[in-house]
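> My questions all concern the structure below.
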Amino acid sequence: MESGTEEYELNGDLRPGSPGSPDALPPRWGLRNRPINVNHYANKKSAAESMLDIALLMANASQLKAVVEQGNDFAFFVPLVVLISISLVLQIGVGVLLIFLVKYDLNNPAKHAKLDFLNNLATGLVFIIVVVNIFITAFGVQKPVMDVAPRQ
């Protein structure tokens with residue numbers, strides 16, 4: 001076995017700059033040398049927002065069902081039905097708005113003002129939805145507890 005100027009390790013050659021050597025550059029995920037596609041990023045962002053919107057829509061539908069099951073005897077029946085209905089309508093509106101945002105080309109400078117307005121509108125509506133849902137939670141939506149033990 002010859003011992004030259006090369007450095008050998010159990011797993012092979014560790015020349016400077018070779019993969020695995022201490023001075024090698026860390027591997028990059030994907031191709032970061034190309035410019036970011038703004039449309040692709042916006043579409044992913046809108047898809048994620050839409051999924052969260054659907055989850056909240058399902059939660060509000062479940063809350064509405066629980067309130068209706070409690071009936072008119074519940075102290076906060078009317079306010080909760082109104083707040084949940086407002087939240088549901090706003091969520092559907094934001095969902096439609098997100099669909100329109102995905103359809104527009106972000107690389108077209110002529111549409112930037114309109115897209116900026118629609119994006120700000122969606123953000124404002126999401127803020128209102130959050131505030132409405134805070135009030136829904138504050139009024140408390142829970143199913144009535146049935147007494148298991150007989151009363152005497």
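Glycine is treated like the rest: Cβ placed from N, Cα and C.
Sharing the record's features from Swiss-Prot:
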- 1-78: topological domain 'Extracellular' (TOPO_DOM)
- 1-10: compositional bias 'Acidic residues' (COMPBIAS)
- 1-29: region 'Disordered' (REGION)
- Ser18: phosphoserine (MOD_RES)
- Ser21: phosphoserine (MOD_RES)
- 44-55: region 'Helix alpha1' (REGION)
- 104-113: topological domain 'Cytoplasmic' (TOPO_DOM)
- 139-152: topological domain 'Extracellular' (TOPO_DOM)
> Within the region 'Helix alpha1' (44-55), how many residues are helix, strand or coil going by DSSP?
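Residue counts in helix, strand and coil order: 12 helix, 0 strand, 0 coil.
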> Treating G and I as helix alongside H, and B as strand alongside E, what does DSSP give for the topological domain 'Cytoplasmic' (104-113) in helix, strand and coil?
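Tallied per class, the topological domain 'Cytoplasmic' (104-113) gives 5 helix, 0 strand, 5 coil.
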